[in-house]
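Worksheet: the structure to be examined is printed underneath.
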């Protein structure tokens, strides 16, 4: 058993890597490029607000990303209303970025938790508009089911608040979400180190998206490689099937044939 032929499928598109990474907070564009390479990711999320899409004569973040190698996932980071998020997605599509989008509609600046009411509103509009929508949402099975029913291609519940590095705070609701929806479940936000990514994947989620966990590390390139390995290891462990947890010991060697 390996992860080689274990593909992540989103809206009919196949990806070999189950790790998605962001492009913000790096010390330089060169460091970002090296970290992307080390991560092994194929889907790269880009904040539309950070991309110069109006004046192509000026330097843009996209100048540093090989779009033949990576699938761009424009995101609506910084949007607090459905209207703003929809407008941002349409601008990204008109600029030729992608019609597969990571939809974020935030509730406030303190927690960066999603405003689910506005999120559902935006998702309905974008799906009708022909977008492939991957919404960042709270770890609420009911909201995730509503997003699936709207037509979202995946759901992306948070593991913990964005940039917090707190890891997977509520694995139980993540498991319920996986039982509730049929679309891919991608844990988004809160991953702080490789063990967090492995834990998420061991739960059986389809993928993990992160930015700060890599870009904010002391050595982002090394951490990108660690996250790459952790996601693969966690996925393989999930497919292999862990032993059940129990209170008492079980001998690993048989008692038959012992010397008397």
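In case you wondered, yes, glycine gets a Cβ from its N, Cα and C as well.
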- [ ] Let me know which member of 151, 163, 241 Swiss-Prot also records as binding 1-deoxy-D-xylulose 5-phosphate at the site of 189, 190, 211, 212.
- [x] 163
Task: Spatial neighbours, same chain, of residue 102 (active site, schiff-base intermediate with DXP) - Cβ under 8 Å, 6+ residues apart - done: 45, 73, 74, 75, 76, 134, 135, 136, 156, 188, 209
- [ ] Compute the centroid of the Cβ atoms of 163, 189, 190, 211, 212, then list the same-chain residues not in that set whose Cβ lies within 8 Å of it, in sequence order, for the 1-deoxy-D-xylulose 5-phosphate site.
- [x] 160, 161, 162, 164, 165, 191, 210, 213
